[in-house]
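Some features that TrEMBL has for this protein:
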{"type": "SIGNAL", "residues": "1-17", "note": "signal peptide"}
{"type": "DOMAIN", "residues": "178-218", "note": "domain 'EGF-like'"}
{"type": "DOMAIN", "residues": "219-258", "note": "domain 'EGF-like'"}
{"type": "DISULFID", "residues": "C223-C233", "note": "disulfide bond"}
{"type": "DOMAIN", "residues": "259-298", "note": "domain 'EGF-like'"}
{"type": "DISULFID", "residues": "C263-C273", "note": "disulfide bond"}
{"type": "DOMAIN", "residues": "299-338", "note": "domain 'EGF-like'"}
Amino acid sequence: MLKALFLTMLTLALVKSQDTEETITYTQCTDGYEWDPVRQQCKDIDECDIVPDACKGGMKCVNHYGGYLCLPKTAQIIVNNEQPQQETPAAEGVGAAANAAATSSTGTGGVAASGMAASGVVPGGGFVASAAAEVQTGRNNFVIRRNPADPQRIPANPSHRIQCATGYEQSEHNVCQDIDECTAGTHNCRADQVCINLRGSFTCQCPPGYQKRGEQCVDIDECAIPPYCHQRCVNTPGSFYCQCSPGFQLAANNYTCVDINECDASNQCAQQCYNILGSFICQCNQGYELSSDRLNCEDIDECRTSSYLCQYQCVNEPGKFSCMCPQGYQVVRGRTCQDINECETTNECREDEMCWNYHGGFRCYPRNPCQDPYVLTSENRCVCPVSNAMCRELPQSIVYKYMSIRSDRSVPSDIFQIQATTIYANTINTFRIKSGNENGEFYLRQTSPVSAMLVLVKSLSGPREYIVDLEMLTVNSIGTFRTSSVLRLTIIVGPFSF
């Protein structure tokens, strides 16, 4: 009895143990898979969704059976029938899948790589976790192909139909694959919306530049959300563009406005151009002024602006002016007129004549001015001999002197001094204007017993010549001796006041 009871309990324990082992074996999945209680099978874990920063360095994460791959962002996935399927990267970074190894080899037209995931039970029996992933590249894009599972590893039951969740359908390999509602046309997106396929579903989104408001897509006014543009923003349906104020142009980034250097691009100034922020200004060279259009330059007539620029005559020229002087003068320091001494440059007098320069010209006078009964004793000095009876009533001597003055000289003005050359004891000297002062232009003022000063009391205008005889009378104190001498002064008044 005890033996029978022991055998019965041993049998129950073995059955219990076998049930437990079958349950554990049925629900336990290999690395990279997890048990799906709804479908009652192992399903792949999407590491790209659950692993933070699975890939780095600008790579995209592509989920693979039992693991994941890090591929360039331009990679495409081809499933079963070589149709491309665009993968959405789950994370970016540098790295490799925990359970996938990548090898590369160079071939014609691109690069091929393959990776092997850990083996395990594949949902639906259509693919195995150890299926190879082949990566090929074209000119610019990477393409990944997933090969179907080896049917000898896990036997498939073609007659067995599996239950797929909403948005999935059974494939020929008894795998639940996503239904692309956007390609199949089974979505309900509006005409102004874009259908985006998701795993097991789809979503309707607005095109770029639009936003959803209720069920409609309305334009986003980017100009109302600054700062899109540097200066001016123009909103357009689904987009916008930037404009710049006059004097600026858009930079290469189509956002920033940079100043236009009008002086280099299209110089409109007649003479000088100066670029300023957003504009430019024109300036003129010396002697010119801006016209009313602020672009061209007009000559300044300096001769009209002032009558004191030149001593004699102002001549306007383009951008400048020049001064001229009358005949007999030359320009000095650009504006002043200076007399030319023709007696030193162009002496046209005869040999028996002496040249006398005056302001604005010259004259020739005889070297021997003496007239009978006077005789020349020294230069410009004529003496009447005492032995000649004709000389008793005439001045003893006549001295010839010459001077020149400018027109319109200010008055009164001392112009010439006369002085006795011989002084006698106990004599008295008196001075007077003997002739040449009929209009009272001169006055002789005695300054000492032996000298006197000729004073100009009226302004003179030339050209004109005045001959004035200045006489000095000499008498002794007792009146027994009387003599006179004359200084014949020739005054030449120039034609100008300079």
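Yeah, the Cβs are placed from backbone N, Cα and C, and that goes for glycine too.
You'll find the Cα of C263 (disulfide bond) roughly 27 Å from the Cα of C233 (disulfide bond). Beyond the ends of the domain 'EGF-like' (299-338), by six or more residues, the same chain brings 285-289, 359-361, 495-496, 498 to within a C-beta distance below 8 angstroms of the stretch. In terms of DSSP secondary structure, the domain 'EGF-like' (219-258) contains 3 helix, 16 strand, 21 coil. For C273 (disulfide bond), applying a Cβ distance below 8 Å and a minimum sequence separation of six or more within one chain yields E262, C263, N267, F280, I281, C282, Q283. In sequence order, E222, C223, P226, F240, Y241, C242, Q243 are the residues near C233 (disulfide bond), counting only same-chain partners six or more apart with C-beta under 8 A.
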